[in-house]
Amino acid sequence: MIILAVESSCDETGVGIAELGDDGTVTLLADEVASSVDEHARFGGVVPEIASRAHLEALGPTMRRALATAGVSKPDVVAATIGPGLAGALLVGVAAAKAYSAAWQVPFYAVNHLGGHLAADVFDHGPLPESIGLLVSGGHTHLLHVRSLGEPIVELGSTVDDAAGEAYDKIARLLGLGYPGGRVLDELAREGDPAAITFPRGMTGPRDDPYAFSFSGLKTAVARYVESHPEASQADVAAGFQEAVADVLTAKAVRAAKDLGVSTLLIAGGVAANSRLRELAGQRCADAGMTLRIPRPRLCTDNGAMIASFAAHLIAAGARPSPLDAASDPGLPVVQGQVA
């Protein structure tokens, strides 16, 4: 079965094509992405209207490239990110996917963007066993129990304020590094000393929810430090901030795995591309005797391949097609894999 999927939840226009084998394996055939990030940089963040217009302009060419790369003229299924995400951006991708589904007369599946991030990993590491999922991106930070990609996902905890990626962008802006800030801040932090400045670790007290996150206090602490220490090394500030984020994320994820008796940790989402998060997670998983799975950086950011993978796993588990009047849902919860 050939599955073509459209991703348009934010500022990347993605079209992915995957094949679902009779044995349940999912093989990537094409992964084409067009990003409008450069158009948003001067505004310091994603502008929804610009993102929607960029999707309209990029979707056709991206679709043609994906079909050519895969050597496919007509898929057996069309899927699309139905949510969460920016309302206008979602609408463009969903409308296009429905149109292709109707024109090709093939089933349509409306699936969850966040589940897609988890499903991207199978292209690098094969079938996913029962796992603790740490999903970290610009808009989301969730700790999840994933029994399989075809079963309902259980949310253990999430951020009570800022997402991890949002905190990265805000600190990068504070340091004058521009937008998007994640990659630039990561590079700067490698030049600094993570022990030079110790920033607070939110939601780590004995009475705090062990699976919840908070990055607002950390963001404020960094801002106050920079204001009161103008002579401080930017690299040290970046390294101290990054260490605080990676410390909390990995400590809570490993704790959840131990609490639930799960031996695999999957880290997914855009922040999963961060070098210190990957390094510290590797160290802590090795110490705990756990298996760590993180997709290659290309598959951590938004793309259509991950949506094709998640749709394939839902189909393999018996999911029925979505109706063509299924509406996009900007606030779709992570526990709802599909809009049926």
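Just so it is clear, glycine is given a Cβ too, placed from its N, Cα and C backbone atoms.
The model shown is predicted, which means the values in this text are computed figures rather than measured ones.
Features of the protein shown, as given by Swiss-Prot:
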type: BINDING; residues: His113, His117, Asp302; note: Fe cation binding site
type: BINDING; residues: Leu135, Val136, Ser137, Gly138, Gly139, Asp169, Gly182, Asp186, Asn274; note: substrate binding site
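Around Gly182 (substrate binding site), the C-beta neighbours below 8 angstroms that are at least 6 residues distant in the chain are Gly138, Gly165, Tyr168, Asp169, Ala172, Gly270, Val271, Ala273, Asn274. Measuring Cα to Cα from Leu135 (substrate binding site), the binding-site residues that fall within 10 Å are His117, out of His113, His117, Asp302. Look at Leu135 (substrate binding site): DSSP puts it in a strand. Neighbour counts were taken as the number of other C-beta atoms within 10 angstroms of each residue's C-beta; across the binding-site residues Ser137, Asn274, the minimum falls on Ser137. Binding-site extent for substrate: residues Leu135, Val136, Ser137, Gly138, Gly139, Asp169, Gly182, Asp186, Asn274, maximum pairwise Cα distance 18 Å (rounded to the nearest whole number). Calculated from their C-alpha atoms, the gap between Ser137 (substrate binding site) and Asp302 (Fe cation binding site) amounts to 10 Å.
Of all the binding-site residues listed here (His113, His117), the one with the fewest other CB atoms within 10 A of its own CB is His113. Take the CB of Asp302 (Fe cation binding site) and look out to 10 A: across all protein chains shown you find 27 other CB atoms.
Highest Cβ count within 10 Å among the binding-site residues Leu135, Gly139: Leu135. Same-chain neighbours of the Fe cation site beyond His113, His117, Asp302, judged by a C-beta within 8 angstroms of the site's C-beta center, are, in sequence order, Glu7, Ser9, Thr81, Leu114, Gly116, Ser137, Gly269, Asn303, Met306, Ile307.
Distance noted between the C-alpha atoms of His117 (Fe cation binding site) and Gly139 (substrate binding site) is 13 Å.
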